[in-house]
Each structure stands twice: as C-alpha cells, then as structure tokens.
Amino acid sequence: MRSTIEFEECLKDSPKFRQFITKEESDIEHLEQRLEKIIKLCNVAVDSGKEYVKNQSAFAMSLWDLKPHFSDNKSAQNALGRLIHCFQEMNKFHTILLDQASRTVLKNLSVFVKDDINQVKDYKGHFLKVSEGYDNALIKNAQASKNRTQEVQEAGNILSASKSCFYHTALDYVNYITLVQSRKVPSILSTLLDYYQACVTYYHQGFDLCNDFDVFFKSITEDLNALRGEYQKLEKVMQNRHLSVNSFSDTNTNSTSNKIEGYLFKKKSKGFKTWCRRWFYLSDNQLVYSDLDSNCRKRSNEDSFSVMEEDLRICTVRPVNDGDRRFCFEVISPTKSHILQADSADMLTMWISALQKSIGAAIQHDSQHSRPQSSMNANPLKNSKRKIHWEQFLKIPGNSICCDCRGIDPRWASINLGITLCIECSGVHRSLGVHYSKVRSLTLDAWETENVKVMMELGNAVVNRIYEARIGENSELKPATENCEIAVREAWIKAKYVEKRFVCGMPKPPEYLSSETAEVLSIDSGGNDISKRATLSLGGTRKWAVKKCRRRRHRERKRQRSSSKSSDDPVVDDEEDDDDDDVSLNIPSMSLSISREDLLIVGDDLGLETYETPGILGSDQESTEGENEPEVINEVPFSKLDANLMLYQASAVHNLPVMCMAFALGADKNWRNTEDFNRTYLHQAVLSGSVMACEYLLLNGVPIDVVDDNGYSALHISTEKGFIAQVYLLLKHKAKYDLKANDGKNPLDIAVEQRNADIVTLLRLTRLNDEIGLNDEGNGEDETYKDVMKDFSNFTSSQPRMLRNRNDSNTLESQRSSMTNSD
C-alpha cells in the first residue's frame, strides 16, 4: 500500500503534512480503542465459556446420581450412560473452541496493540520533540543580530542540524504510520479467520458425535413410547387408590398370632421423660423398635433399630390404668419397666395379647429345649454381671424344690424374696408386680453378685418358716401343688405374699404367749419341737435383740475339718483342697437358744443349717465390716418390739432372715427412727458395712435418698465411712450424689476431704455420665463410665478386702496429712 502523502510535503513541513499527521494519529487512536474493547469482550466471552463448561460438566456428573433410579431398567440405565457421555464429549469440544479463541483473537490482537500501535505512540513522541527543537532553531536563527557574526554563524549551524534531524524523523514517522495502517487489515482478518476455522471444527466434531449415536437414540425413542404407555396404564390403576382406605384396618392382625408390628408411643426414661412415636415389632423373642420417628428422621447416628427387651421370657406385660394417658400398657422385666401407648383400645388389646403369647411361646420353647447358658453370652453389656453355677443355688436348704408348689427342679427365682420357683409359679409372681416379687431366671439371666449374696442368706426354708408359719389356721385354702390348676396356684401365691395370711404374729412376752405361738417360735432348724424348753427359758424375758449373722471363710472350715479328722481318719479328701473359694454359712443352731433369761433373740429360729456353696462366691467375697463386734449389738425393751424397729435392728446386724420377717410383718418402708437421728433402715445397713443388707433393702423398695437429722443420706454415710462397695451399690441404684447435708457438704465434698480417690472417681464419673445423658436426651451411657463401673463391680464382688485395704490406706494418709498441717 502506497503512502497517501508525498515525501516532499514531509520535508516542507507544510500544513498538508501536519493535517495528514493529525488525521492518521486520530485514526490509529480510534483503532486502538476498538481493539481494546474487542479484546476485553473476547476475554469475557472466554471466561464465560469456561464457566459454562464447568457448570455443564458438573451437570453431566450430577446425572450419574440418577443411576439408582434406573437400576430396574437396564436399557434406560444404558441410555442414561450414553447421554452423559455425549454431554461430556461436547464439553471437551467446547473447551477446545475456547482455547482456540484465546490463542487467536486474544493473543494476536493483543500483540498488534502492544507492539504496533504502542510503537506509533513512541514515534509520535520523538517526532514532536524533534519538531519543537527545529522550531526553536528557526526562531533563534531569525533573532540573531547581523552585527554579531559569530552568533549568526552558530545559529546557522544549529538550524542546519535541526533541519536535517527533523527531515529524517518526519520521514520515519510517516513511514511507520503508513506501515501500521497497511498491516491492520490483514492482521485482524487473519485472526478472525482462524477463529472461524476453530468454530467450524467445533461444529463438525459435534455433528460427527451426534451422527455416531443417531441410531442408538432412535431406538431409545421407541423405548420411551413403550414406557409412556405403561405410565398411562399405571395412572388408570392408581385412580382407584382411595378404594383401599375403606378396606384397610390397622387392627386386622390375626388374633391367634403373636406376630405384631406398628407405631406405639414410647415414654423416655431420662431427661424430660417426653413421649415419642416409634415403630415396634416382635422378633426372635425380643421387643424391638425403630430409631426413626414417624417422619423418618433418625434420632442418632446409631443403628436404625434398638432392642428394648432382649429376652421376653423374663418379662411380663400389663395394662396401665392409673395414668392420665389412655391405651397405655407396661412391659416389665426384672431390672426395668417400659410404658408404651397404643392408638386405640383395640390396638392396646392386640399388643398385650401378642406380647403375652410371645412370652408364653418363648417360655414353652425354652422348657422343651433347655439352653442353660444361651442368654449369658447374648448381651455383651452384661459382662459386668457375674456368671454363676445356678445348680449351687439348689443346695441352699429348701431351694431344690419350688417354694410355693414344691415342684422339683426350679429354674426361676425371686431376688427380693430370696426364693427359687418353678416356671408356672414364676409366671404368677411376675403378674403380682415388681413391688411384690422381682423374678429372674437361674439359667437365662446374668446375676449381679449382690443378688447372689441375698439369695445365699435366705432360701426357701427360711422364707417358708416366715410366710407359711400359720398355714394350719387357713385350711379352707387349698395349697398349690406341682400339677394344680392355674387358679389354685394364683390364689395360693396371692394369699401367701400379697395378703400374708400365713405369716406368724409378732413375738410377745412369755406370759402373754399362747401355746400355739410358743410352738411357732420354738421350731429349730431340724424341725424338732422344743416348745417346753423355750417356754421355760422365756420365764423372765424383758428385752429383745437381733443376733448378727456371720460368714466364715472356707479355709477356717477346712482347718476345723482337718483337726476333727486327724484323730479318727488320717486321710484327707483331695477334692476339698481344690475349692479354696467355697463359702459356708456358720450360723449357730437356730433353736431358741437364749444366753440370758431376760433376753429374747428374735428370729433365732429362722436361720439356716451350715451348708456349702462352692463356685458361687469366693472366700474373700465378704461384704460386711466390723465382724469383731459382739453378736448382739443393741438390746431393746420388749415394749418397743414392732416390725419397724425389728427391721431397723436387723439391718444394723445384716441379719437378712429377720429383715425378711419384719417385711412380712408389715414393716413400713418409709419408717424413720425418731430416737436415732431419724435414720432409716438403709442408714443402718450402710453403717453395718454390709453390701447384701443394702441390696436387700433396695430390692424391697426402701427409699434411697432419705436424709437423717444431720441431712446425711445413705450415700453421705457410706462416703464418710469410706465404704467403697456401698458407694458403688448406691450409685448403681441411682442415689442422688448432689444432696447437701446441714453442714453444706455433698458426698463428693466429703470424699475429697477424706482424700478417698476411689469414691471421688465414682462420684465424679457418675455426675459426668448424667450430664452427658441429659445433653444427649438420655441416649445411653458413656463408654468410659461403663468400663469404670465394671471394674468397681469386679472389685466389690471378688476383692472387697482390697477395697477396704485401699480405704484404710487413704484414711491413714489423710490422718498423717492432718497431723503434718497441725504441726
């Protein structure tokens, strides 16, 4: 392209030249502005395209989430996969197009602006500077005086140099302007042509892709037509959906079946004890419910189903009529109870019937297929409970037969009464309610050591001497037998334990005793009649007392045997040496032996013969303190003999047979001794240091948190005395650990003051566990708490002496510290 101005015009620096320069500069400036706008918009288009490709790719990937909904139609699943593949390939082609736009339009035009147009600006600046110097040289030359030859000469030289420089610079500036104007058209067009070719390639690739899948997608169209036809048929069928409402009934479960499921309201046992609606069903002799509520919201991150009762064989069910809510029933096990609510009276009846049939079927199946240890390992959470040799219970006097009907081979027990039962009598006991009898299975349940100790101290022989002492006075009631009818069995058990018709009367001074009562009090352990001897011995009775029961260790008994055999028989039975953990009760002959004429030993005729129970408890599993104290601790005037004070005195010496007698005679569980700081039976049992006496009282419903005049509860006293086993037992039965006494101290304050690390640990962990339980709405216990309580359970059951030694060490250390501080 030829320049539009002649070089002579440039050398003349004519107005035409100046107009040319101004016009060209204005044109190049306009070109620069338009190119910068184009570059900016192209950059926006590329960025937008990249964002589009990104979103399109995310869209294609999200379509894979629909795959589970196509799992029942393989052809549809295949079509979905191919469509997603097509979308992903199109995204690749679009990415290539955006890359070409960036490489052609953005790169080429940016280079043209930066290199060519910016260089024109540089030439312009240089040209203006030279032009200004030339103008100055002309002015100086014109102003030079003709009289100053040297000045005229210098001005001429400068003018000549400036003129020559101006000529060359003007020509170069015109040259570059002309070249830029000539280069702009091919540069811009070639760039746009390259981008056009990229677009052509993009569309061609898309066309080829669609052409490859054309046959497949035509077949998919035919499948879609078939699916639409199926949809229309389904729509017609669904139009009759409302007819099923009239034919549906939520109470149409077969009345002869023990299978049932449905929604029930469940009352929480912790926190605010709110009601929540859960789906319940019966499965494998278990009552199970879903953790999902009716809106399918999951209550926690645990499994979606929870087992409410693991073994229905040890449960009973009964309606609840004393509450405010309707249609409620209660599922009762030996350790807990659950209140559930049905939606209607019919559903209530169905649930109770189904549960009762399931319980009966499970018990019947168990009696036909005896599995003594099946449930002992069923629940890992029961590891803290002791696995016993249940046959050893049958060696306790009277326990080899049922306590009520005398049936052989009893497999059940009432832990608060301390008796063994047959399966038929255990069912009646369950129906009485846990406030009368708490039933456990000898073969199916894991037993806590405290319950084992209670069973060992009582037994059928002792209990029947109390509850059947006056059986001859009620001849009109037919006793229960092994094969009697259920009505006879129920009437007998209710008369015996609920109405207490056959319980012996309160002992009276001998001058008021009838011959019949004297006989009752005068039956020794062998059943021999000693009434004459008792009547003569009671001639001057004015006081009464309860004797302390003692347990002697097997090693002492073995030494006595060895000494007794050494004189007659030098051979010692090897089997006796193998059972160092055997325990026997060493209670004196339970005749009415009175050491003084003015003292009556209450319940001295209720004790057991000496018997061996190998394998149940070890010789070190002693739970009572103060065995060096006298056998009779407190003598009470006969005028004050009543059931309440009898239970109070028996608790102080941990004499469970007399405690059982006191309960049978109607001792008030809420009674407090106004003559002894308003203390309760549980205070006395704790002071005696006996775990089994405390457990027996708690099993029979004695309140646990009653305080004496000093504001001390049983937990306060056990903490103050340092009885770790009793503290563990009370906390296990949910004793309140935050009660403050009159001195402002709670049990934790006392434990910290005495520096008893074990009790401090128990109290603090219990408090922490309760706080965690409230925060989690009562959803279980903390694992650390379970582990620690399990360790303490093992200690209290197997090594109570070690706990006492640790307590003695803590007490000694506390005393030394106090002495050091006082010094």
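Cβ from N, Cα, C; glycine included.
For the domain 'PH' (257-360), the model's pLDDT averages out at 82. Residues annotated as domain 'PH' in TrEMBL: 257-360.
Feature annotation from TrEMBL assigns region 'Disordered' to 547-586 (among others).
Annotation comment: TrEMBL describes 547-562 as compositional bias 'Basic residues'.
Under the heading repeat 'ANK', TrEMBL lists 677-709 (among others). In the repeat 'ANK' (677-709), the DSSP tally of helix, strand and coil residues is 16 helix, 1 strand, 16 coil.
Taken from TrEMBL, the feature repeat 'ANK' applies to 710-742 (among others).
Among the features that TrEMBL reports, region 'Disordered' is placed at 796-823 (among others).
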For the repeat 'ANK' (710-742), the number of residues DSSP places in helix, strand and coil: 17 helix, 0 strand, 16 coil
Within the domain 'PH' (257-360), residues counted as helix, strand or coil by DSSP: 19 helix, 43 strand, 42 coil
